[in-house]
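Peer 1: Found this in TrEMBL, in case it helps:
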COMPBIAS  578-596  compositional bias 'Polar residues'
DOMAIN    790-932  domain 'Pecanex C-terminal'
REGION    578-604  region 'Disordered'
TRANSMEM  12-39  transmembrane segment
TRANSMEM  83-105  transmembrane segment
TRANSMEM  134-155  transmembrane segment
TRANSMEM  167-183  transmembrane segment
TRANSMEM  343-368  transmembrane segment
Amino acid sequence: MVNIPALEQMSQILHILFIFLPFLWALGTLPPPDALFLWAMEQVLEFGLGGSSMSTHLRLLMMFIVSAGTAVTSYFIPNTLGVVLFMTGLGFLLSLNLSEMGFVFKHSVTRHRVGTKSKALPSGSKKQFTWKECLFYIVVLVLALLETSLLHHFAGFSQISKNSPQAIVGYVLMILLTLLWLLREIQSVYIFGIFRNPFYPKDVQAVTLFLEKQTRLLKIGVVRRILLNLVSPFAMIAFLSLDNSLQGLHSVSVSIGFTRAFRMVWQNTENALLETVIVSAGHLLIPSTDIWWNRSLDTGIRLLLVGIMRDRLIQFISKLQFAVTVLLASWTEKKRRKSTTTLCILNIVFSPFVLVFIVFSTLLSSPLLPLFTLPLFLVGFPRPSQSWPGVVGTAACVCADTVYYYQMVPNLTAALQSAMAAGSLGLLLPGSHYLGRFQDRLIWIMILEHGYTYCCINIKGLELQETSCHTAEARKVDEVFEGAFEQEEYTRVCSISEHFGNVLTPCTVLPVKLYSDARSVLSGIIDSHDNLKEFKGDLVKVLVWILVRYCSRRSSMQENVHKIENKGKASLIILPDLNTSPQTQSPEDTGSLNSETLDDWSDDNVFDDETTIKTGKEEKDQLKVLQDINVPIPGSVVSQRVDDHSTGTVPENSLYKAVILGYPAIDKGKHEDMVFIPLKEFSCPHSHLLSLPEEWTSNCLPNSKMREMSSLFPEDWYQFVLRQLECFHSEENVPNVLEEIAKDRVLKDFYVHAVLTCYFSLFGVDNMVPSPGHILRVYSGVLPWSLSLDWLTEKPELFQLALKAFRYTLKLMIDKASLGPIEDFKELAGCLEEYERDWHIGLVSDEKWKEAVLQEKPYLFSLGYDPNMGVYTGRVLTLQELLIQVGKLNAEAVRGQWANLSWELLYATNDDEERYSIQAHPLLLRNLTKSKNLIPHNFHGLSSLLPRA
């Protein structure tokens, strides 16, 4: 080593470095091997090979290998024209989303081989391009190769001067850069993030008004899109093809520099345009060949160095802004001002050392780490842009609110596609973060990967039930957006942003089709005696309407199966005989209401629909009855096995034991008062088209009770509903057929029996005006005990129809109280048709609610109870196109806070959820940035060039 000076110097440097390694490890600056390897690979791919940060580690590894192979291959090509064509073609192809294109192509080939019809791709990988886009890519590639070959072969190569062809192209690039910069800044609400854009609409509260005012900006966005995706790449290819450095074959600098340059033209056009203009301006301003920059470096290496300097300069400005924001946040927080004043003063006094830390972290492209988010800065270890393990979405937190974001994401993706193409979101760089706000929803958007006409993003949504910390920071987010987007007409033109210095900078608003959430208090409606009295009468009508519609649809679906051979013969319906007991129940179908259910029906028990409501299988198990109940004394308790074993042994699992509490004794010998309808025939041969299922016509109520309640049946409404049916397409004279069916007394008696039995089951033993608590419990699917309860719960289909009718009636009662009474039968039928077509009325906790949201039902309604305020509430979701406010976050602020969180968990062993470093701070949005409640993680590829439906 003594004889080799280079090794001796390296030994001295390493001796000094090894001394500091323990300190670097203790401070968290020393990276783990995997992070160091991925970071180095990402840096080489981005700055040495012209690629982009990738969305997954596997994609990063594959792209690095392919890109490095491209540079190595170009070194061995013996022909300059072949080198240029190879670099141009591979640069264009590698800048496309090849993995997505390959997946769709493979799916199409597989589908063609199997011979199946067109099917949708899996939900996680939707089709991201069409045949038009494929044709567009082919045409662009052919034109790029043609341009490169012609210019390289026929144009003369000379040192760049003011009159050379390459200099003329440089002037064109300068004009393009200026135009693109102006057109991009016009699209955003703020210019440079500071000055209010005079061309942006002042008030964006109304969607239609905003879209009208934004028409001019959209036209400007189309011009910018053409200049960016078509004109600029071909102009830069012309600049590169005319460079005389390409004459030098088998040069490492040429292979690396120009491979990167031809790739950057497509991969990141805006940055490549800026770098090319800087290099061209440098040639024109300093044409002397005596300078090292012009003498020793070719154009490709100059572009590479300018790209590194550009990236590090942007990082330095962002880190410096973040450091100043942390200082201001510590000073403005009154609770911590006394403890942080010393740190703030030390930062000001030792500001040169703070700048050294910022510069060092910038050179390493590592996050600036504010220790415990205090103004005490360290240099975090270098890490890749994707600083989390696994594929995006593997750590998704799925909860009840996830479904609303799933519904919103496809529409939000389309809106983001248009905004990115127009330039409303600013310069698109991997690692950029955006925050969207709508009502009580917060949406976190991160750019993972960027290429030619595509962008891979990660969308996360904050849970709707906000904590106090979320609320404090969400209020600040609302203030920032309101100050930007809700301007008065007299506001001064080009006014300065009031929230400059915040980590959030408003960008634009996006029209997105999503659900707006409105909650109202139903006091005065659901507890009104008059409304509840009308509720009972309306329930019978709704039951009639639902059962008739159900039977008509059922008959139309089974029309081919139930054909009548002889239309002259009357159809016979045989009802159960007087001495025949109701249909036999299997042991698995038997059960009973337990004591918990009876307790739920106490007068003082009112519960919320999302806390203690029993639904689904639990509800079904509670509402079944035991077969052959034999209780010698009313009120006694008997346990019975429901399996095939003997009743003498007690089962180990108490869930298989049914307990009967205080049910009335049954006198099996007394049948004189039970309903009995002997063998009867329809008077109309077409009545079978609307006949009820046979099991729905069985008897369960005493004859006296049926006679008492028969007056409740609305015969005129029944006749009206029948005459409005439009389901008999096979019949020639439909009006006459409906008239004959309406006059069939036997069919009407069946409907009277079914409707009144359901009515009796919903209101229980006492035929009194229901209470609000009763309405809520039945709405939630928990019915009171009655003689017909077992009969109804044994028929799940009829039970669901009765529950549906009850919920429709409640919505009808609320609408009548809010909008006025119903005038006639036609208006009532129109309301019910609207409920059936456009509404989902149910519980938020039901699976059908989630299905309705994903199917984008126009309206959803749910009834609830607020135990804190003691009021009944209604929740209405309305699907409509509304505006989502989007702002850009300081990427270095996000990286720094995430690095601090990692440092605390790794080195400080502090996972306290109430520690200071994750508490809310409106200026830093500290709690939102570190929130664990962001759901779901969605991976989407966006194309920003071609519009797509």
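Here, residue 1 is simply the first one shown, and the rest follow in order.
Including glycine, each Cβ sits where the backbone N, Cα and C put it.
Computed from a predicted structure; not experimentally measured.
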Peer 1: With Cβ distances under 8 Å as the criterion, find the stretch in 12-39, 83-105, 167-183 that has the most pairs with the transmembrane segment (134-155).
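Peer 2: Stretch with maximum Cβ contacts: 83-105.
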Peer 1: For the transmembrane segment (83-105), give me same-chain residues lying six or more residues beyond its boundaries with a C-beta closer than 8 angstroms to one of its C-beta atoms, as numbers and ranges.
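Peer 2: Tertiary neighbours of the transmembrane segment (83-105) are 50-51, 59, 63, 66-67, 70, 73-74, 77, 121, 125, 127-129, 134, 137, 140-141, 144-145, 148-149, 152, 237, 241, 246, 249, 258-259, 262-267, 451-454, 456, 941.
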Peer 1: Going along the chain, which residues at least six beyond the ends of the transmembrane segment (167-183) come within the CB cut-off of under 8 Å?
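Peer 2: Sequence-distant neighbours of the transmembrane segment (167-183): 160-161, 220-221, 223-224, 227-228, 231-232, 235-236, 238-239, 242, 270, 273-274, 276-277, 280-281, 283-284, 423.
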Peer 1: Go ahead and report the DSSP secondary structure tallies for the domain 'Pecanex C-terminal' (790-932): helix first, then strand, then coil.
Peer 2: 75 helix, 30 strand, 38 coil
